[in-house]
Amino acid sequence: MLLQVGVLRAGLGLLAVRRARWPCRRTHTSTQNLEHKPIKKVMVANRGEIAIRVFRACTELGIRTVAVYSEQDTGQMHRQKADEAYLIGRGLPPVAAYLHIPDIIKVAKENNVDAIHPGYGFLSERADFAQACTDAGVRFVGPPPEIVRKMGDKVEARTIAIRAGVPVVPGTDAPIASLQEAQEFANTYGFPIIFKAAYGGGGRGMRVVREYEELEENYQRAYSEALAAFGNGALFVEKFIEKPRHIEVQILGDKYGNVMHLYERDCSIQRRHQKVVEIAPAAQLDPHLRDRLTADSVNLARQVGYENAGTVEFLVDKHGKHYFIEVNSRLQVEHTVTEEITDVDLVHAQLHICEGRSLHELGLKQDKIRINGCAIQCRVTTEDPARGFQPDTGRLEVFRSGEGMGIRLDSASAFQGAIISPHYDSLLVKVIASGKDLPTAAAKMNRALAEFRIRGVKTNIPFLQNVLSNDQFLYGTVDTQFIDENQELFNLKPVQNRAQKLLHYLGHVMVNGPTTPIPVKAKPSPVDPVVPMVPLGDPPAGFREVLLREGPEGFARAVRAHQGLLLMDTTFRDAHQSLLATRVRTHDLKKIAPFVAHNFSNLFSVENWGGATFDVAMRFLYECPWRRLQELRALMPNIPFQMLLRGANAVGYTNYPDNAVFKFCEVAKENGMDIFRVFDSLNYLPNMLLGMEAAGAAGGVVEAAISYTGDVSDPMRQKYSLQYYLELAEELVKAGTHILAIKDMAGLLKPQASRQLVGALRNRFPDMPIHVHTHDTAGAGVAAMLACAEAGADIVDVAVDPMAGMTSQPSMGAIVACTKGTKFNTGISLEKVFDYSEYWEVARGLYAQFDCTATMKSGNADVYENEIPGGQYTNLHFQAHSMGLGNKFKEVKKAYVEANKLLGDLIKVTPSSKIVGDLAQFMVQNSLTRTEVEERADELSFPLSVVEFLQGHVGIPHGGFPEPLRSKVELERGKTLHIKALALGDLNKAGQREVFFELNGQLRSVLVRDTVAMKEMHFHPKALKDVRGQIGAPMPGKVVEVKVKAGQKVEKGQPLCVLSAMKMETVVNSPLAGTVAKVYVTPDSSLEGDDLILEITE
């Protein structure tokens, strides 16, 4: 009262009386004079992690707990952690509910609550709340109301500090009442200045103003934020100290005048005046400065008779001078680091002091408090550092924390399925790391943050990791401008999020169906094929009899000595792989097999197994490929069978262990396989040698195949020159191949190139049988094969006429007819080829849904440019139609050329052709050019096949891996996702369905918009990014103020509206000058990110 009337002498007298009383109070701290009143039930008038922190302390002390929650917090964890939980603030806005004192007191009284802990924020520094608790007969876990009032009033706290001899920053003596007062202060002290909320902290209501033009807008924003956060918009103004350290001292006081400190914390790493990382003790702090800070803190607390926990905050300038800022008469967010270095449980201490215990009784003596190591706290928030720390909201689809030695987690809303709303603070979890020193604690923190997996919302974890790796942070000192002056902290490593992206895609397919509908509407033919007449008895002897009698070497000699051109029939495998997606069933193959055995016994072989046939049989036809081999062997005992063996890949798409390849070949030989065409998609010799060895060890005929690409007749193309093929052939012959094959998967062999290549091989290896395989994509296959025969080839591949041409092999009938009467006569009856063709012409109709002619009407000579293998050409064309890119197939083919160049000009055979195709489709789908792929390689999520190729999984390409692409692509090994779809949820109010999966054994779910249901629901329109005048919400939040109206002219940079999210306000400014055409929001409108705010016409 004396101070209020301004009588200075009386005021000083009052302080003197208080000082005189303290020794008396301290002398009555013996156990017999203490008044203990145990607490049996505590309510926490707060939410989130601080509520849970207090509940845990209460449980440890045997105290029953009570939670309160707003209507928006019904699903929050803090209400589940308490013994009892009650709704407050029914019908009120989210923050207002926790500020509604009557409701809180009512719940406390109705449920026999002994004490209320305010936590931090909300009502924690409201003297009227502390008084309301006292008036209701409920203890307030904190200082008495009068001390809360004095410390909460920043101006009065400043006055007390001055009287206690504590240095302060120049500022107003009382809260300012108008903008004019702020202007007068600025005129007196100059800029920069800072507005601060008079009745709260935490960065709310705090704005730095550096020039006169910013003064009015920042005054309004600071006032509005303070009013929203603390229920009182009063502000005071201070001179802003540039680049200070922010040091605070933790204090404890009991009811008997005892006050102590628990050393300091460094809270200098801030953004928008909100602490991001806190450290205890402060790094490289001068011991004398530490003594002054702690002594001033204790003296200031004693000046007012401080009780319970509190924090005295200081700014320390670059000269080591410290200035008092404020006293936070509550528990701080960062109290955790003090607990870690002092081993003092501050919440326990708060509760015991509230019960009437003395510091001495609690074993808390100043001379016993020691600093033990170092502790760091990181506030993991749902904010996006890449967008100016804009708050992000949504559902936590995934939450996995980092743990382990030296790590403490304080959290509440951090669990899978939690909803992060825009109504409250963005804090998700506090991570506290402890170690012997700062670098050790930082290493533990970095490791823990790296273990976190948070999906569904953006977080500041990548930013925190950059801070923790910064040399200035680790080995120097930081100030409050640390973030602003170290822009490299914003060079954020992108989060891959592969698993969740995949789940979203799968969920979308489950809810809305495939977005790539099959374009083929054809139905299978109702007519069954008729099998031509087959004579009774055993089929005539064929080349297999030679193989069984003379072995692989004798078989090879017989083939080389044979007069005429030998044929291999691919109808049973590669032909239907190229034309019918490998879908022909064993049933239809078995029906025609006896006819082939009786009428084409002089075939070199029938290709009927291996490659894609193996996996398609199991994955799509649900047949056993081994049984197919056994049954066809029984029906065609006289003709050798040939299979495709992908070297070390066997019949798969990745390298297998050597013993697996050896065993596979052994079992294949036992079940009827004769000839193993061994190849490698990159002509990588070590992979081929493994396959050759395995086939030879099994007793099979080894046919080493050189995969062909390029054009040996073109002198301008030298990567795959004639010399390259001759040297490779030399190695294969040395390795012991029985037959030498040329595998021209794309059909690139032109007649002239055929003569050159086969002629050179025949001259180099006169006794070696030569076998040529090609595709007829360009329509020149027959001419090329005849040229090969003329140049010395012994065997060429063909397919029966209805299964030939286009991306399949050349026509059997055409080769038979063209060689008839020549020295290359095949010895095959053309009439029997016609009968054979009649069967397959009808049989092909049974597979109309898979027929390439549904989307592809002819071959194309552009294969000489794009070099797409035959079977893949068909698949790519089909996929382009499926993805709605049927009219862009030309672009897909062009992208294939560019993708091939990006990968270093590969030989394109399965699986290397798939790698090029995957990259080509990736480029088309994402509208990427070759240059853009190279420039952005370090941030793009490439197809897995491309990554594994660059890792060397399929071998080393001729000429090495492409650079700089390979160095830029992030190569990760050992990442396998096991996904199982579980269930589909009901439609929610937002037009979404929850889709449940099991991922690597853990439950995961994603929310997917139901596109059909959403057509019947109303949603706020979104701003279109390509429409210049549409202004969207930069973040989710609530509209506080709309500053313009329709028809109003605006200038570029003019404020349009103010958004509030997580108690922080953001001004949306106009990006252009023009006229407001339409406003789509009103005050209190709730917006999601990119919701349309207004439209401006230029």
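Numbers run from 1 along the shown chain.
Heads up, the Cβ atoms here are built off N, Cα and C, so glycines get one too.
Per TrEMBL, domain 'Biotin carboxylation' is recorded for 38-488. Note on the domain 'Biotin carboxylation' (38-488): mean pLDDT across this stretch is 92.
Look at TrEMBL and you will find LYS154, GLU238, HIS273 tagged as ATP binding site. Around the Cβ of LYS154 (ATP binding site), 25 further Cβ atoms fall within 10 Å across all displayed protein chains.
Summarising the annotation, TrEMBL assigns domain 'ATP-grasp' to 158-355.
The annotation active site is assigned in TrEMBL to ARG330. There are 29 other Cβ atoms within 10 Å of the Cβ belonging to ARG330 (active site).
The domain 'Pyruvate carboxyltransferase' annotation in TrEMBL covers 565-834.
Taken from TrEMBL, the feature Mn(2+) binding site covers ASP574, LYS743, HIS773, HIS775.
Note on THR910 (substrate binding site): other Cβ atoms within 10 Å of its Cβ, all shown chains, come to 22. Residues or ranges marked as substrate binding site by TrEMBL: ARG646, THR910.
The N6-carboxylysine feature in TrEMBL is assigned to LYS743.
Summarising the annotation, TrEMBL assigns domain 'Lipoyl-binding' to 1028-1097.
The N6-biotinyllysine annotation in TrEMBL covers LYS1063.
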Those residues of the chain, 6+ apart, with a Cβ under 8 Å from that of GLU238 (ATP binding site): VAL169, PRO170, GLY171, THR172, ILE193, ILE194, LYS196
Number of Cβ atoms other than its own within 10 Å, given for HIS773 (Mn(2+) binding site): 27
Nearest-integer angstrom distance between the alpha carbons (Cα) of HIS273 (ATP binding site) and THR910 (substrate binding site): 58
Packing count at ARG646 (substrate binding site) (other Cβ atoms within 10 Å of its Cβ): 27
8 Å Cβ shell about LYS154, GLU238, HIS273 centroid, ATP site members excluded: GLY171, ILE194, PHE195, LYS196, ALA197, MET206, PHE236, ILE325, GLU326
Per-residue Cβ crowding (10 Å cut-off), top of binding-site residues HIS273, HIS775: HIS775
Residues within 8 Å of the ASP574, LYS743, HIS773, HIS775 Cβ centre (excluding the Mn(2+) site residues themselves): THR570, ASP744, MET745, THR774, ASP797, GLN809, GLY870
Nearest-integer angstrom distance between the alpha carbons (Cα) of ARG646 (substrate binding site) and LYS743 (Mn(2+) binding site): 12
Extent of the ATP binding site in Å [max Cα distance among LYS154, GLU238, HIS273]: 16
